[in-house]
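The next block holds one structure in the form of structure tokens; read it before the comments.
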Amino acid sequence: MTLLDGKSLSVTIERDLTEQIAALVSQGVTPGLAVILVGNNPASCAYVQMKAKACKRVGIYSVTHEMPSKITQDELLSVIEILNNDPNIDGILVQLPLPAHIQTSKVLEAINPKKDVDGFHPFNIGRLSVNVDTFVPATPLGVMKLLESYHIDVRGKDVVIIGMSNIVGKPLMSLMLNAGASVSCCHILTRDVKQYTKNADIVCVAVGKVGLLSADMIKEGAVVVDVGINRLESGTLVGDVDFENVAPKSSFITPVPGGVGPMTIVSLLQNTYKAAMYRLEQRMRV
């Protein structure tokens, strides 16, 4: 069994990205990321702080717009419009989830697709589905980079994804299909998840339920990717996989923490750099 070490890989990618950003800055373009945080959800606040620190490490200018939880949808859309028109902001990220009175789809659709570094705009989702270059959601992108770094070729492989969220499951399914995998997606209405996972070459779990994937659900030598992040009452972070029992049976497996999480952050940084490169290209055409 080999651990898919996202933490060490993310450090390597950050080092390379820092050099690329420095070269970009020397041409007069400093990548800029605007993060919108609505309310004071502890998990959301922690994620935003992690993103800000990561931006600082690689040389990306980042600014966080903290909004009260009672902000109206129209007020939030106005903030996004200002950022859409700010020439110093290359990427716009709205931290999810949003309060119940705000329609998430409307907010995400308001972001300029060329600044949608989260890859959640329908325009970018559509481009991903037809395998055209676009912004790819950070977590699925991080999963693919992690597999690639360990020379795990998904072409012709049977892949099962448990979870069909717009953030992870669906875009990951598109990426896997684009890479030549045969993909099945299990969700809350799937009657027998084990029936799908027991013969899969690669199993990706992104649900948010402790111990969802047990050892009897995978075949010997399967690759297991755990996207779940759950905090136990003791404060310990665990994923969706029964790691202790699944790991000995797998050929590769991601730990939690230290697997997919760091790759999500670094993929966001790469998307922001990509958006800044677009700005430079536009400037050079003038």
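Yeah, the Cβs are placed from backbone N, Cα and C, and that goes for glycine too.
The DSSP secondary structure for Ile229 (NADP(+) binding site) is coil. Summarising the annotation, Swiss-Prot assigns NADP(+) binding site to Gly163, Met164, Ser165, Ile188, Ile229 and lists sequence analysis as the type of evidence.
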Fewest other Cβ within 10 angstroms of its own Cβ, chosen from the binding-site residues Met164, Ile188, Ile229: Ile188
